[in-house]
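Taking it in order: structure first as structure tokens, then the write-up.
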Amino acid sequence: MKNLHVQIDAHSGFCFGVVYAIEMAEDILDESGHLYCLGDIVHNDEEVNRLKRKGLKIIDHEVLKDLRDENVLIRAHGEPPATYELAIQNNLTLIDASCPVVLKLQHRIKNSFDKGDSIYIYGKHAHAEVIGLLGQTNNEAVVFQDISELDLETLPKNITLYSQTTKSTDKFYEINNVLKNNGISVNTNDTICRQVSNRDKELRDFATKFDKIVFVSGTKSSNGKVLFNVCKDTNPNTYFVSNSDQIESDWFTENDQVGICGATSTPMWLMEQVKERILTF
Ligand code: SF4
């Protein structure tokens, strides 16, 4: 045995938006035993599989088109207006677990669009939240995930800049500065969720205190990628895993202090499993 000392980060685990969506789903599953959910309820396969075993059925927009007279959960990422219109046509009851932070951002973008602003959204192409945001602008806003995608010469002289809620704060402000340094007047809206950006600093503090860090997240989680890089920057001995089977004993040396942390979509029970596994080495 390597006599490892293992601690889970108290600030890691689901954000309130994900807690809200999962509680809503579980209440309905406990009552009726089945519920449709449009897209993965959370970007974590382990948690999705747990809920599937309770009767959750994950569907995509193609399946939704043919569904009638059912209850369908909208997850924390939110949806564009077209989904709500389709629900009315198909007599679907939407159980709306869109995160309040995302809903507020959707409203802000809609207001900007109605005023005629040139809207630019820093976000991941085709990400569910971004599709919902774009929908507020009749799909007319420009989405970019890297500044190199924009032609600074031909950009309008005045733009309104938003961010997907889970992007990196540092990158957002870097982009903002590049735009301003190129003579573009930017109405900057830092719409990064504080549940993500505050974790940035908390994680840096956490990652410095340990010899090794095990970061637990699904591979599809945007904020998982951002927060893993925050840990890795601070502590190069950081390892990414999606479940406890992926942990390797070779990563640890005798008497190591090991910290476990995760994304806003990582369930606490999964980090507990990871801890149990590490303690067997
Ligand atoms: S990260 Fe923030 S915006 Fe996204 S679901 Fe969680 S609380 Fe809501």
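Even glycines carry a Cβ here, placed using N, Cα and C.
Bear in mind that TrEMBL entries carry predicted annotations, made automatically and left uncurated.
Other Cβ atoms within 10 Å of the Cβ of C193 ([4Fe-4S] cluster binding site) number 22 in total over all chains. Secondary structure at C193 ([4Fe-4S] cluster binding site), taken from DSSP and collapsed to helix, strand or coil, is coil. Look at TrEMBL and you will find C15, C99, C193 tagged as [4Fe-4S] cluster binding site.
Secondary structure from DSSP puts S221 ((2E)-4-hydroxy-3-methylbut-2-enyl diphosphate binding site) in coil. Taken from TrEMBL, the feature (2E)-4-hydroxy-3-methylbut-2-enyl diphosphate binding site covers H43, H77, H127, T165, S221, S222, N223, S265.
The dimethylallyl diphosphate binding site feature in TrEMBL is assigned to H43, H77, H127, S221, S222, N223, S265. In the three-state DSSP reading, S265 ((2E)-4-hydroxy-3-methylbut-2-enyl diphosphate binding site) counts as coil. Its Cβ placed at the centre, S265 ((2E)-4-hydroxy-3-methylbut-2-enyl diphosphate binding site) has 26 other Cβ atoms within 10 Å.
Per TrEMBL, isopentenyl diphosphate binding site is recorded for H43, H77, H127, S221, S222, N223, S265. The Cβ of H43 ((2E)-4-hydroxy-3-methylbut-2-enyl diphosphate binding site) has 26 other Cβ atoms within 10 Å, all protein chains considered. Under the DSSP three-state reduction, H43 ((2E)-4-hydroxy-3-methylbut-2-enyl diphosphate binding site) is assigned to coil, being neither helix nor strand.
In the three-state DSSP scheme, E129 (active site, proton donor) is classed as helix. The feature active site, proton donor is assigned by TrEMBL to E129.
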> Among the recorded positions listed here (C15, C99, E129, C193), which has the Cα closest to the Cα of S265 ((2E)-4-hydroxy-3-methylbut-2-enyl diphosphate binding site)?
Replying inline: C15
>> Does any of C15, H43, C99, H127, T165, C193 have a Cβ within less than 6 Å of an atom of ligand 1? These are the binding-site residues; tell me which, or none.
In response: C15, C99, T165, C193
>> Just to be sure I understand the packing, how many Cβ atoms besides its own are within 10 Å of the Cβ of H127 ((2E)-4-hydroxy-3-methylbut-2-enyl diphosphate binding site)?
In response: 19
